[in-house]
Amino acid sequence: MPPAGTTTVLACVAALIALGVGSAPFGRRQATSPVVYGASAIFCLVAGAAALGALLARAAPDQAILPLGLPWTGARFRLDPLSAAFLIVIDLGGALASLYAVGYGAHEREPQRILPFFPVFLGAMNLVVLAADAFSFLVAWEVMSVTSWALVLAHHQDAENRRAAHLYLVMASFGAFCLLLGFGLLAGPGGGYAFDTMRAHPPGALIAGLVLVLAVLGAGSKAGLVPLHAWLPLAHPAAPSHVSALMSGVMTKVAIYAFVRIAFDLLGPPQDWWSVLVLVLGAATAVMGVLYALMQTDMKRLLAYSTVENVGIIFIGLGLALAFKAQGLVVPAALAATAALFHAFNHSLFKSLLFMGAGAVLGATGQRDLERLGGLIGRMPQTALVFLTGSVAISALPPLNGFASEWLIFQGVLVSPQLAVTALKFLVPAAGAMLALAAALTAAAMVRCFGTAFLGRPRSPQAAAARETDPWSLGAMFALAALCLVVGVLPGFVIDALAPAAALIVGGHMPDQVSQPWLSIVPIAESRSSYNGLLVLVFIAASAGLAALAIHRYASGKVRRAPAWDCGFPDPSPLTQYSAGSFAQPIRRVFGPAAFAAREIVEMPPPGDMRPARFIAVVRDRIWETLYAPIDLVIGRIADRLNRLQFLTIRLYLGLVFLALVGLLLVLAIWV
Amino acid sequence: MGVIRDLSVQGLQMMLVLALAPLLTGWVRRLKARLLRRRGPPLLQPYRDLWRLMRKEVVLAHNASWLFRVAPYLIFAATWVAAALIPTFATGLLFSWSADLIAITALLGSARFFLALAGMDVGTSFGGIGSSREVMIASLAEPAMIMIVFSLALLAHSTQLSTVAGFMLSSNVGLRVTLAMALVALLMVAVAENGRIPIDNPATHLELTMVHEAMVLEYSGRHLAVLELASFLKLLLYISLIACVFVPWGLAPVGSGLAAAGIGLVAYLGKLVVAGAMLAIFETSMAKMRVFRAPQYLGAALMLGLLGALLLFVSRGGLR
């Protein structure tokens, strides 16, 4: 008899919630922290193992109905392949973030603001993915939002963090509201809130389209889809680093899960325009996200924007999958869907790793500002190594995992001339170009980030005095780096593991990969395209080894240390080296005018004037200015006007209530 | 026996590109000098330079890290592997299926990633300027390259180079607008990626316009030798790529005998000579652009590639 995965995961969720609630009275003691994090790691590992077991055994979906929630429905939880795939993402990320936090949490000055919420946050994310009716889904979703909001607000003394938390709360409410409406429409007048009922009675074309838009808004605002990403670069850096790793690496995946569940599973057959919408948003998100990342000097904000970019890439994959599914092309749809899921998994690995690395840097130097770091590779060699691994992986360079999934998405783009929709014929190659542009710009952003933080000379005394981080954190980061390498070198195993999830959402899966000779991955046929990460790794290692061997055998081995040459211009000040700002300048000049209305102003005082010359670079956030600022302004004005309502007499209040009642009854009478 | 033969052909290919790369650079340099009415260095000068550099001691900056010392080997290895995966004289190499054209592009991207990091390692202003310009150029050149790959892959229904070459050899290619666009775009990208005039000047030092040379400014001795060899290899790689895709004549097909391989080798050498000569003529008749003209140049390449791919998407819909 197969193990009942749902029960195991639910038990772990209950344990996590109990852990959070139970730790609340003891939060102030330093000794609580390792216990809570250690226990979180263990529960996550158990839940993840149960999900992995169910996915690999291709176990039948397994449902549990608990007598919770609404009295006449009960709460349904179900472990199917799609949930299992995302549970693995959540619990792997959760376990490693907890492990990291065993060491990192020791620096925390106010652990009582984090410890009670952290395990509940993990449990809620598990529950979202496990939920099989709209009610428990939304409750879990809200618990996830509220606990992560509390974690963002952990360091509330900082005004910037309070602003981030406020914006996060507003956006999370907006997203939850959209999802609530979407599920309401899906449930229909009969009120079938169970996912099974929704799946059995898909809505008509108009309602389905409306629900899709609501799902894009609701899940997209949580995932960070442009233009709903505004909260993400504020909230992710504000939280403690292990929470940033979870929010960025894992919680965005829960949002993607919500979108996939609604758009692919519950909504019935897709329509052509859905994929157009998703592709446009995905491509715009990918490029805008990375361009924003290139302009940031705050290390964690840079990484948060890079998450926006990767969410865009995942949505490009999902958009392709929707397009193929709408046309009934099962094999390409499976390819694109698998690529998107694979990239989601990969992103959870390397983005968690990078946020943890940024946390290690923050712990060692107290700095997140790239302009005040530098030279850390000498002081923190192990952190530098894992951060470099993560940077290479996220830049989609072979043989690490980011390349494998982006390669698959490119293969998905290349089969799309089969699509017979005119709009898609123009859109898909453009999306492919955007994807390539985003990949190249990511490499630039990561060179800039790693180069200014870890290479060069220290730009501040704190950076010069940094110390290597603790062994727990290093252990978690090395585990993630190793996973990045293994998954990149042997992508076939992951693709095969994802096959049931792809089959669930598009009705087909990619050909079996592990049985391919030499463990290459072959999306469609070997004559079309194939890639072998293992051989590429072996080739690179062998050639580099061969070259090193030959050089050390025949070349002079003498090494002399000397001051840097720098064209013979000796310079003792680290301020003359390239900074993050100067590194981004060429790219800002190329893309800035279009993307950010960027301008450069040079103020040159007239001869004889003693004022210094000034160089001012102005970068504006156009999305904020055109979308959020007007909304903010309008709401402010309306609030000012409505302020008078606060001071009415009781008769007028009663009159208002009466009028509202009459109005609603009128609407009802006319409607029905 | 088949596997051993295939392995030796693959090994031969790897050694061939390595051995030919300095000669190609020597040929281009020599020809450029002659076109400028200078005598120019002997053809074999690059080999001598490499040997001389190898015998010299390495001068490392005080704060150079392990990355600085490891990067040259990684850059060299990634470039070499990419070069070895491109069919030069024979298609159907043993490991050609282990990486397709997208992976080859990404391998070059890896090499560039580490080169740009190496430029920033010592923390001098020249290294930084080189790195930041290199990533700016790459951020446009790479998507242009991917769009070219798209055009070719859509025509040949494959991103495998051997298959693409086979398709281009077959009779059903014909003259296509897309191919012309892809060729022009690929030539533009190749010029930019190799740091040739008009984007960068490989012969310059101590000049604010330099890109590649600025990144390797702090290198010396054996490290510099390895980096130089990698940049020679990169030039050879792009010429081989253009030759293999656009002028694939003479390539020995899969499983053919020694005679075909010999013909392939002679044809390949001929292509290198012609391409090197064309590059030399192009470079001597051009002036270097300002750095901030480069985005326009590469933007044109990107647009050409994208238009080529779009044409295929629009015209060949529903075919396969």
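Counting starts with 1 at the first residue shown.
The backbone N, Cα and C atoms fix where each Cβ goes, and this holds for glycine too.
Taken from TrEMBL, the feature transmembrane segment applies to A:6-24 (among others).
Counting same-chain residues at least six beyond the ends of the transmembrane segment (A:36-61), those with a Cβ under 8 angstroms from any Cβ of the stretch are 2-3, 5, 8-9, 12-13, 15-16, 19-20, 23, 78-81, 83-85, 87-88, 90-92, 94-96, 98-99, 101-102, 105, 115, 118-119, 122, 126, 497, 500-501. Taken from TrEMBL, the feature transmembrane segment applies to A:36-61 (among others).
For A:114-132 (among others), the entry in TrEMBL reads transmembrane segment.
According to TrEMBL, the feature domain 'NADH:quinone oxidoreductase/Mrp antiporter transmembrane' maps to A:131-420.
The transmembrane segment annotation in TrEMBL covers A:138-155 (among others).
What TrEMBL records for A:206-231 (among others) is transmembrane segment.
Residues 212-213, 216, 220, 224-226, 229, 233, 263, 302-303, 305-320, 322-323, 421, 423-424, 427-428, 430-431, 434-435, 437-438, 441-442, 444-445, 448, 584, 587-588, 591-592, 595-596, 619, 623 of the same chain lie 6+ residues outside the transmembrane segment (A:276-295) yet bring a C-beta within less than 8 angstroms of a C-beta in it. The feature transmembrane segment is assigned by TrEMBL to A:276-295 (among others).
According to TrEMBL, the feature transmembrane segment maps to A:344-364 (among others).
If you look up TrEMBL, you'll see A:385-410 (among others) marked as transmembrane segment.
The transmembrane segment feature in TrEMBL is assigned to A:430-456 (among others).
What TrEMBL records for A:477-510 (among others) is transmembrane segment. Taking Cβ pairs closer than 8 Å, the transmembrane segment (A:477-510) reaches residues 55-56, 58, 80-82, 84-85, 92, 96, 99-100, 260, 264-265, 321, 324-325, 330-331, 333-335, 337-338, 341-342, 345-346, 349-350, 352-353, 356-357, 360, 382-383, 385-387, 389-390, 393, 398-405, 408, 516, 519-521, 523, 531, 533-534, 537 in its own chain, all 6 or more past its ends.
The feature transmembrane segment is assigned by TrEMBL to A:530-551 (among others). Under 8 Å from some Cβ of the transmembrane segment (A:530-551) lie the Cβ atoms of residues 398-399, 403-404, 407, 488-491, 516, 518-522, all in the same chain and six or more residues away from its ends.
The transmembrane segment annotation in TrEMBL covers A:650-671 (among others).
Under 8 Å from some Cβ of the transmembrane segment (A:385-410) lie the Cβ atoms of residues 306, 310, 313, 316-317, 320, 335-336, 338-340, 342-343, 345-347, 349-351, 353-354, 357, 432, 435-436, 439, 442-443, 446-447, 449-450, 453-454, 474, 477-478, 480-481, 483-485, 487-489, 491, 495, 521, 523, 531, 533-534, 536-537, 540, all in the same chain and six or more residues away from its ends.
Pairs of Cβ atoms less than 8 Å apart link the transmembrane segment (A:114-132) most often to A:6-24, out of A:6-24, A:138-155, A:206-231, A:344-364, A:650-671.
Here the transmembrane segment (A:6-24) has long-range neighbours at 32, 35-36, 39-40, 43-44, 46-47, 50-51, 62-64, 66, 77-79, 87, 112, 115-120, 122-123, 126-127, 130, 147, meaning same-chain residues at least 6 beyond its ends whose C-beta is under 8 angstroms from one of its own. Below 8 angstroms of C-beta separation, residues 85-86, 88-89, 92-93, 96-97, 100, 104, 107, 236, 240-242, 244-246, 248-250, 252-253, 256, 299-300, 303, 306-307, 310, 314, 373, 376, 379-380, 383, 386-387, 389-391, 393-394, 400-402, 404-405, 453, 466-469, 473-474, 476-477, 480-481, 483-484, 487, 494, 498 of the same chain, each at least six residues beyond the ends of the transmembrane segment (A:344-364), sit close to that stretch.
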